[in-house]
């Protein structure tokens, strides 16, 4: 779940605490770039893009989840979801250094793609791998992972942790850690029996 539904929960909550710092960053970047102070409407518009483009990325990821899980299998598709996660972490983490608020918007788009892919494929993969008696319990772990991700996002956003002006780029790049953990651990997991039997026609592998 740490590379699946956890990523969705984390990205939903993590954007709240650095809101004011990101708005200040947008204002400062605009001033340096165009030698004029942006209007409050423009700041609000840019911030709206930062927040809402995650949903557009989530839609793209969700629409791709079915195809990728059949084409490459549930496990490989889950591993593939870490690519946009790491890309988004790099973009958002380096945005301040590069002086580009557009990198935050692009990073949020890629994190949305990761969330849409990871959440859908996590449910599919966990449900298909679970023994029949534990299937309901295993499916519920997706909700637990979302709640844990939200909690971790709020905890990291505290001023005592990463919720300060100097550290908000690190906070925004926090989704790299669960992605790396999954990249290191998931290759040791088996493929989904349903995928092996129905999509790959590998009866022995399924058994």
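Placed from the backbone N, Cα and C atoms, the Cβ positions cover glycine too.
Note: TrEMBL annotation is automatic and uncurated.
What TrEMBL records for 1-207 is domain 'Major facilitator superfamily (MFS) profile'. For 45-70, 77-97, 103-125, 137-158, 170-189, the entry in TrEMBL reads transmembrane segment.
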For the transmembrane segment (103-125), the distant same-chain contacts (Cβ-Cβ under 8 Å, at least six residues beyond its ends) come to 1, 3-5, 7-8, 11-12, 15, 22, 46, 49-51, 53-66, 68-69, 74-75, 77-78, 80-82, 84-85, 87-92, 94-95, 139, 142, 145-146, 172, 175, 179, 192
Same-chain residues at least 6 beyond the ends of the transmembrane segment (137-158) with CB under 8 Å of its CB atoms are 1-2, 4-14, 16-18, 119, 122-123, 126-127, 129-130, 171, 174
